[in-house]
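Participant: Per TrEMBL, the features are:
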ACT_SITE  A:TYR448  active site, proton donor/acceptor
BINDING   A:GLU260, A:GLY261, A:THR262, A:LEU263, A:GLY264, A:VAL265, A:ILE266  FAD binding site
BINDING   A:ARG389  substrate binding site
DOMAIN    A:94-276  domain 'FAD-binding PCMH-type'
SITE      A:ARG311  site 'Important for enzyme activity'
Protein chains: 2
Amino acid sequence: MEHNLWGTAEEGKPLSNSVKKLLGLLLGAKPTDAASRIPAAQIKLSEPRLTDGQLHALENIVGADYVSQDHEQRLRRSHGKSYPDLLDWRTDKVIAAPDAVIAPGTEAEVLEVLQYCSRERIAVVTFGGGSSVVGGVNPVRGEFAAVISLDVNRFTQLEDVDMVSALATLGAGLTGPAAELLLGEHGLQLGHYPQSFPYATIGGYAAARSSGQSSSGYGRFDSMVRALTVVTPQGIMEIGGPAPASATGPDLRQLFLGSEGTLGVITRVRVRIHPIPEVKRYEAFSFRDFKAGVAAVRAVAQQGTGPTVIRLSDDIESSINLSSTDKIGETNKGDSGCTCITMFEGSPEHAKSRHAETRAVLLAHGAKSLGEEPARQWEQGRFGAPMLRDALLDNHVICETLETATDWSNILKLRAAVVEALGVNLPTSPSIVMCHVSHIYPEGASLYFTIISGQSAAPHEQWWKAKAATCRAIVTHGGTISHHHGVGTDHRPYLESEIGSLGIKLLQAAKDTLDPVGIMNPGKLF
Amino acid sequence: MEHNLWGTAEEGKPLSNSVKKLLGLLLGAKPTDAASRIPAAQIKLSEPRLTDGQLHALENIVGADYVSQDHEQRLRRSHGKSYPDLLDWRTDKVIAAPDAVIAPGTEAEVLEVLQYCSRERIAVVTFGGGSSVVGGVNPVRGEFAAVISLDVNRFTQLEDVDMVSALATLGAGLTGPAAELLLGEHGLQLGHYPQSFPYATIGGYAAARSSGQSSSGYGRFDSMVRALTVVTPQGIMEIGGPAPASATGPDLRQLFLGSEGTLGVITRVRVRIHPIPEVKRYEAFSFRDFKAGVAAVRAVAQQGTGPTVIRLSDDIESSINLSSTDKIGETNKGDSGCTCITMFEGSPEHAKSRHAETRAVLLAHGAKSLGEEPARQWEQGRFGAPMLRDALLDNHVICETLETATDWSNILKLRAAVVEALGVNLPTSPSIVMCHVSHIYPEGASLYFTIISGQSAAPHEQWWKAKAATCRAIVTHGGTISHHHGVGTDHRPYLESEIGSLGIKLLQAAKDTLDPVGIMNPGKLF
């Protein structure tokens with residue numbers, strides 16, 4: 001992944017002329033080319049702060065090949081992929097970069113690094129795929145002398161496979177595709193397909209409670225995790241007992257899932273795996289409006305009809321047809337209503353019966369079938385949407401996503417509140433705010449927003465004002481501050497509203513126990 | 001529930017003459033009558049230790065009607081329902097009882113009690129239904145001046161129902177039937193049916209990570225919990241965010257689920273609820289042996305065919321036909337093999353499709369259908385089995401249960417190890433060790449053992465030796481020390497083997513944060 005793009009330059013999707021025209025018309029955007037992208041070599045990074053002695057000591061632990069102060073290496077680990085992260089690359093400001101990048105190869109090395117850094121008061125930011133959109137990987141020095149980026153990308157083994165128990169242990173540095181490739185050799189899959197799938201890593205999925213597009217079928221990533229190996233400054237922990245479920249006290253896995261590098265470094269994750277499905281079935285539907293669609297997908301969740309994927313786009317997203325990114329702005333055939341994509345996987349009989357039951361519920365709620373094609377198109381293009389953001393940014397157009405979740409009884413109100421907060425606070429032009437429901441539960445669902453708006457002359461300030469107003473709206477209107485992006489720096493101010501002051505104290509107590517000096521990803525989460 | 005029985009005397013199931021004959025033959029048991037049951041009034045309890053001033057102060061907080069030092073009240077809260085608990089009532093030893101029983105009516109009162117007890121160094125044991133079989137409710141004074149039992153039985157409201165989001169808030173003191181009765185008025189059910197259903201409470205289900213007989217359909221209790229109100233000595237916490245799933249940091253609910261009263265008093269639980277199912281379908285099957293049955297139920301779990309209940313008894317349990325407790329020992333019609341009970345609930349279409357898919361998988365694995373009847377019989381008798389224990393105890397026969405869980409790849413080995421450990425360590429006579437699988441997961445399953453054996457002259461010592469050997473066998477052979485009974489005092493020595501020394505430190509850090517004096521259920525869990 002390029003430091004300043006989602007994906008690589010080759011994967012980029014330049015906007016068609018029709019889209020540029022549309023954006024100019026709608027948002028007053030000024031079409032430009034990729035001229036605002038500053039080459040990596042010209043970007044100014046903070047001066048590295050490690051002493052020669054410290055650098056040498058770290059090299060002694062992991063080997064000189066695995067400690068780097070190279071400009072490009074530091075640059076690539078200085079930011080995640082949020083809109084403000086990407087904006088930064090287009091300014092001439094000095095970017096705060098890690099003082100070094102270190103890549104231990106074993107848990108013993110990680111432990112030694114953490115113990116050394118505790119003694120030397122060097123902050124440690126664990127780095128996997130770098131796809132955080134909430135500031136999770138950005139190096140925060142805090143009160144410490146220096147900050148290093150600890151790369152887990154040497155933990156890339158498929159450690160073991162238990163075919164009988166449907167469990168496998170994966171190295172934390174494996175990306176989604178790399179993990180699926182290794183599992184595929186055994187006829188297995190993980191089934192976790194977040195938008196960041198091509199780049200994000202197994203460790204990051206666990207650390208940030210990722211949720212993938214097939215969560216209806218395979219569950220959130222946190223529900224797939226059987227056990228974790230976590231290296232803390234106080235020692236190496238194997239977390240997760242010998243059974244799939246237990247009453248042997250609190251479930252400590254759930255303290256590390258979502259800990260975002262603040263307690264230790266996740267190096268291995270034991271996960272539930274599945275045979276590669278024999279068949280996939282597809283069907284798309286249309287609802288007259290979002291409310292009708294929500295009622296339908298709620299019934300699917302509560303009756304447990306069993307789709308692998310189900311997502312409902314609101315009117316705007318359906319008409320902009322983000323499901324087919326190649327054709328954005330070109331294929332509005334006068335369809336109205338809300339599109340609902342469904343997919344079903346498993347044995348032929350299993351997929352067929354889940355399809356039939358889901359379909360019957362959707363039709364009973366007023367759905368009209370659109371056939372297979374829109375669902376297949378969505379599947380093909382599903383990892384491509386974020387690439388568009390770079391092209392829009394080239395044209396001074398904000399494109400960012402936000403997400404939350406709430407109960408079904410609150411979902412329409414929360415959606416309205418978020419749309420209003422964004423609309424009111426991105427004032428240079430009309431904004432386009434699209435929304436979809438893509439993760440459903442018996443009690444509620446996620447809401448995923450995509451915002452497209454004209455950039456003001458002070459784009460950072462413009463964005464942070466809108467983001468803060470939106471976060472306040474989410475908290476005020478009963479949403480969680482994040483359903484699957486995590487907390488990082490960006491959502492940190494809102495955590496206490498969700499878990500209370502005693503909740504914060506519990507997290508601090510866990511941190512004090514495992515990381516008494518506080519070097520692990522300071523300034524993040526809480 | 002009588003202090004010295006499971007259930008009431010009226011519910012008791014005296015053994016038929018044929019059973020008594022069978023037991024004599026098999027175990028050398030000497031048939032007697034209920035003469036060994038000592039009346040409550042004759043049982044000696046420890047002297048209450050609270051000062052008059054302390055008693056008065058507690059009365060000032062909750063009202064004089066809700067503080068008791070009555071013999072019967074103290075007696076009923078001095079023991080749970082494990083075999084050694086029940087043995088104790090048949091000896092003339094002095095029973096350690098709580099120094100008083102207190103029943104606050106509001107969270108504010110609970111908080112005041114906990115703060116007062118922290119100042120006065122009085123230990124507090126939360127009491128719900130008293131059905132713990134691991135020593136969870138037995139009052140342990142520890143280093144403290146006194147110990148009181150805090151009864152949550154005034155928290156018995158259905159606080160609210162959100163029909164749209166399928167959520168309801170239940171008072172922690174509601175028993176299973178009371179909760180279902182209140183939900184039933186709304187056409188709803190919880191669907192949680194542990195063996196202790198008639199007596200155990202909502203708060204206890206949460207505190208000890210209960211799992212019910214319909215866990216395949218409705219999940220374990222911990223998976224039903226959306227939020228908890230917990231009163232800790234440091235304040236009242238609302239735990240569980242505003243959404244069904246979240247990436248907003250660690251999931252702190254999972255620290256309180258399974259905390260067994262060591263962090264605070266659970267007073268309310270917000271849970272996922274369901275419409276009362278339109279239909280129930282039943283079918284029982286037989287497998288030639290346990291191994292074949294295990295392979296079949298594993299396929300059901302991994303293919304997600306969707307039974308509400310599935311349980312597989314081993315050969316011995318199947319032939320003793322514990323599924324029909326009225327007929328124990330009478331109905332061995334020469335059936336051999338292992339019985340598998342299935343139930344399916346929901347809409348007619350849903351239940352039918354899940355039944356068809358499950359049935360097909362079981363038949364493909366060599367099952368023979370036994371029709372509906374054995375499954376219906378099991379459902380009718382399912383809460384009755386523990387009553388038998390009292391009748392057996394009257395006849396000097398040990399009857400106790402033990403449970404664990406492990407991965408599918410380990411399940412036959414673990415079963416053999418537990419059976420051997422029990423067989424070797426209950427040496428007065430041949431033992432009958434029965435086993436069933438009643439909670440299945442894609443990765444593994446629970447193993448539930450019922451042990452029937454002749455009592456030795458020193459029954460406490462006999463039991464603890466066998467129990468310790470069995471726990472060691474479970475730990476050594478890769479099982480969890482408890483799948484759904486919890487830890488309490490009895491499993492406490494084995495917790496560290498499961499979560500490690502850093503895991504214990506994390507629990508202690510959480511306790512120090514919320515209960516700095518350490519008054520909450522000392523001597524339990526860790």
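Even glycines carry a Cβ here, placed using N, Cα and C.
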Participant: A:ARG311, A:ARG389: which of these recorded positions has the sparsest Cβ neighbourhood within 10 Å?
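Facilitator: With the recorded positions A:ARG311, A:ARG389, fewest surrounding Cβ atoms within 10 Å: A:ARG389.
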Participant: According to DSSP, which kind of secondary structure is A:LEU263 (FAD binding site) found in, if we only use helix, strand and coil?
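Facilitator: In three-state terms, A:LEU263 (FAD binding site) counts as coil.
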Participant: Can you name every residue in this chain, apart from A:GLU260, A:GLY261, A:THR262, A:LEU263, A:GLY264, A:VAL265, A:ILE266, with its Cβ inside 8 Å of the center of the Cβ atoms of the recorded FAD site?
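Facilitator: Sorted by sequence, the hits are A:THR126, A:ALA207, A:VAL230, A:THR232, A:PHE256, A:SER259, A:MET520, A:ASN521.
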Participant: Closest of the recorded positions to A:GLU260 (FAD binding site), Cα to Cα, picking from A:ARG311, A:ARG389, A:TYR448?
Facilitator: A:TYR448
Participant: Inside 10 Å of the Cβ of A:GLY264 (FAD binding site), count up the other Cβ atoms and send me the figure.
Facilitator: 31
Participant: Relative to the Cβ position of A:GLU260 (FAD binding site), how many further Cβ atoms are located within 10 Å?
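Facilitator: Looking across every protein chain shown, the total is 28.
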Participant: Going by Cα-Cα distance, pick out whichever of the recorded positions A:GLY261, A:THR262, A:ILE266, A:ARG311 is nearest to the residue listed as 'active site, proton donor/acceptor'.
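Facilitator: Considering only the listed recorded positions, the nearest one is A:ARG311.
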Participant: Where A:GLY264 (FAD binding site) and A:ARG389 (substrate binding site) are concerned, what is their Cα separation in Å, rounded?
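Facilitator: It is 33 Å, counting Cα to Cα.
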Participant: Can you figure out which of A:THR262, A:VAL265, A:ARG389 (the binding-site residues) comes closest in space to A:ARG311 (site 'Important for enzyme activity'), comparing Cα atoms?
Facilitator: A:ARG389
Participant: Return one of helix, strand or coil for A:ARG311 (site 'Important for enzyme activity'), based on DSSP.
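Facilitator: For A:ARG311 (site 'Important for enzyme activity') - judged by DSSP and reduced to three states - the answer is strand.
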Participant: Are there any residues in the same chain, six or more apart in sequence, whose C-beta is under 8 angstroms from the C-beta of A:VAL265 (FAD binding site), and if so which?
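Facilitator: In sequence order, A:VAL110, A:LEU114, A:VAL124, A:THR126, A:LEU150, A:VAL152, A:ALA172, A:GLY203, A:VAL230, A:VAL231, A:THR232, A:MET520 meet the Cβ cut-off.
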Participant: Within the chain of A:LEU263 (FAD binding site), which residues six or more apart in sequence place their C-beta under 8 angstroms from its C-beta?
Facilitator: A:VAL230, A:THR232, A:LEU255, A:PHE256, A:ALA510, A:LYS511, A:LEU514, A:ASP515, A:MET520
